[in-house]
Amino acid sequence: MKVKGTRRNYQHLWRWGTLLLGMLMICSATEKLWVTVYYGVPVWKEATTTLFCASDARAYDTEVHNVWATHACVPTDPNPQEVVLGNVTENFNMWKNNMVEQMQEDIISLWDQSLKPCVKLTPLCVTLNCTDLGKATNTNSSNWKEEIKGEIKNCSFNITTSIRDKIQKENALFRNLDVVPIDNASTTTNYTNYRLIHCNRSVITQACPKVSFEPIPIHYCTPAGFAILKCNNKTFNGKGPCTNVSTVQCTHGIRPIVSTQLLLNGSLAEEEVVIRSDNFTNNAKTIIVQLNESVAINCTRPNNNTRKSIYIGPGRAFHTTGRIIGDIRKAHCNISRAQWNNTLEQIVKKLREQFGNNKTIVFNQSSGGDPEIVMHSFNCRGEFFYCNTTQLFNNTWRLNHTEGTKGNDTIILPCRIKQIINMWQEVGKAMYAPPIGGQISCSSNITGLLLTRDGGTNVTNDTEVFRPGGGDMRDNWRSELYKYKVIKIEPLGIAPTKAKRRVVQREKRAVGIVGAMFLGFLGAAGSTMGAVSLTLTVQARQLLSGIVQQQNNLLRAIEAQQHLLQLTVWGIKQLQARVLAVERYLRDQQLLGIWGCSGKLICTTAVPWNASWSNKSLEDIWDNMTWMQWEREIDNYTNTIYTLLEESQNQQEKNEQELLELDKWASLWNWFSITNWLWYIKIFIMIVGGLVGLRIVFAVLSIVNRVRQGYSPLSFQTRLPVPRGPDRPDGIEEEGGERDRDRSVRLVDGFLALIWEDLRSLCLFSYRRLRDLLLIAARTVEILGHRGWEALKYWWSLLQYWIQELKNSAVSWLNATAIAVTEGTDRVIEVAQRAYRAILHIHRRIRQGLERLLL
């Protein structure tokens, strides 16, 4: 009974098992994801590109030619746009910033270009007979006389005049720093032989008369498709992550001031003093100090000079000091001691935070080198000042007290003026700055310092010695560009979605007039991918218009330079920026076109998403990640995905071509269009004409053949009755039999009748042959259909048979298994019961055995 019950229940078990297996397979199947292209996503990468300049040059003197050539820059934007990027952290490194290198190259190029048309002073590399200019009357202190003794020399020399073969003697005043003695052999006279400095190793070029070195703020701007990230952290040290980031198109106005030791007229720190270095533990690295409060420095050259010109050749004039009116006094700079001491105190506080709170900070003078390094060098109204800063850097800051920092008086820095300047940007070039007439004074603000730290074995553990440094102008530019870096906008984004490009259809490709506004749309960089994808239209609408506007501004700046013989470095950069912006836009549009996504903001594709690229779920991607995070996730696979998109689009276009070829057969109604009917009639006329022509040819050949045989028929269509055979006489006796069935022969006369008869015969022949062919085809189809149907029925019955056999076999096997299991279970239960009974009867057997023994 148990076995029969198991057999009945197993039929239901089989059905339920099959149903559960199918449900398990359905539930285990994962939904397939597909690659989707998005245009206008806020994604960027670090880049190196050509920057161009913007400047408001109209606010400055137009009488002179500014060495910075800011007239060639585009006008500054009156309403600059700055977009704060929320929830964005970006790494900056001011020590590896290509913007600094570009500015260095630009300033070098501008200096070189401004000196190209100027006079070369090679004829002045002659022997100079010089004496000290000793006019020092009406001075109140003898110290002044000693200080200025030998500062200015009156030199005579032989020079070629405007007539080349004529040499005359001229006199000129030179600064002591600009001449070097040749020999001191003469002891009987009060003059010595000198020559101009740098004559032995450099080409000296005189600055053109109307060249101005007055620094004008220059804004560096990026082309369309690029942007500048700006770090707004108030205590940012120039290296590392920045959490307060914004994006701008141009930097702030940077004054290209060439100076050493002290940074002038730069930007100030917003809170405390900030010190920056590439590596504080490496004493070879320069320390850039940014002050939070500026220190005024006022410089003066009190002498009232006049300027005269000496002709040193045809069309070449050398400008020198004519005479000095009034007292000969040293140039000097004034700094408030109280302000300077307060500044040093804040710097010391930051240095101790960096190097140790128990350190003694010592400021000392420069350790030596070129005059540009030893002294604070800068340009003041066209004159190059070299000021001794020993009084500024000559104190010790201990933990309890400070030495040499007391007082509220004014620090007076003695300065010397050089007219022959060794060009800071390259070796082998020198510049002669013509003297400026009248008294000179200029006021500047000290906004930063360049320091170096002493190292080696002579430094004690509790003392750090700092000295003024400089000389590498990159540090000057770096002090202003530390918070910027250039990025390249990547508006093309790729992400997985559930949507697939389903239908292959014909589609007109419109010109893409949408894109990613290179500033505005980056404001959504901190939002999730899902939130950004809902506003792609707004984000992508202004790219082309932004490019066009920028192109117009650049073009106007270039047109303003057409009167020049050659473009400045700014003009070249503007041309490069114009080309680069268009190239960037065309590249993105080309990729969209290759992928079949032209004119689309969201473009589905037929490329399946590979889990090896990223195995994150859709919810994690679209709800928790920003586009920047997602771009870093799949950055290594971007090129692979691009290749697959291109291959998929090529296959789709091939399928589209095949589909279009099938479209001609899909629309049968086109067969009845008037165009097709005219084509049919033309073909019919050609066929009939060909047949008639063949008929005529064969008729002529037949006539020729019969004429050669000796006779000619009465008509082309004469048909003689065919005689009956001997078994069929023409008639029957007594006129009672069947009549003769031979038809009368049609005798046709005329050419048209002949054509009609031939055409009629041809049509009848064609009709009979086509009818026979259709009957054969119909019979063949009928036979094949019947046999095919029989074969299908046979295979269906065979399939049903094998399915039934498999089912019966499975049921039999399962039934046998169930029976075996059941029988085995019964045997096990029976054995267990017997063992249990035997155990229960042990005491009875023992009792019975004892009873037998007792009996």
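One-based numbering along the chain as shown.
Cβ from N, Cα, C; glycine included.
Between the listed ranges 2-13, 350-361, 458-469, Swiss-Prot ties the annotation region 'V5' to 458-469.
Here CYS118 is paired by Swiss-Prot through a disulfide bond, and of CYS27, CYS199, CYS208, CYS221 its partner is CYS208. Within the set CYS231, CYS250, the cysteine that Swiss-Prot bonds to CYS242 via a disulfide is CYS231.
Looking at 510-531, 686-707, the range annotated in Swiss-Prot as region 'Fusion peptide' turns out to be 510-531. Matching 99-102, 711-714, 759-762 against Swiss-Prot, the residues noted as motif 'YXXL motif' span 711-714. Cross-referencing 366-376, 630-640, 740-750 with Swiss-Prot places the feature region 'CD4-binding loop' at 366-376.
Considering only the recorded positions CYS125, CYS155, ASN292, CYS603, ASN615, the residue whose Cα is spatially closest to the Cα of CYS53 (disulfide bond) is ASN292. Recorded residues CYS763 (S-palmitoyl cysteine) and CYS231 (disulfide bond) have their alpha carbons 93 Å apart, per Cα-Cα distance. Confidence over the region 'V5' (458-469), given as mean pLDDT on the 0 to 100 scale, stands at 81. When the disulfide-bonded residues CYS130, CYS208, CYS442, CYS597 are ranked by how far their Cα is from the Cα of CYS250 (disulfide bond), CYS442 comes first. Residues in the region 'V5' (460-469) partition by DSSP class (helix H, G, I; strand E, B; coil) as 0 helix, 6 strand, 4 coil. Per-site Cβ counts within 10 Å over the glycosylation sites ASN129, ASN292, ASN298, ASN364, ASN394 peak at ASN129.
The shortest Cα-Cα distance from CYS333 (disulfide bond) to any of the recorded positions (CYS155, CYS597, ASN615) is found for CYS155. Rounded to a whole value, the Cα-Cα separation of CYS242 (disulfide bond) and ASN200 (N-linked glycosylation site) is 50 Å. Ranking the recorded positions CYS130, CYS221, CYS333, CYS763 by how many other Cβ atoms lie within 10 angstroms of each Cβ puts CYS763 at the bottom. Other C-beta atoms found within 10 angstroms of the C-beta of CYS73 (disulfide bond) number 27, with every protein chain shown included.
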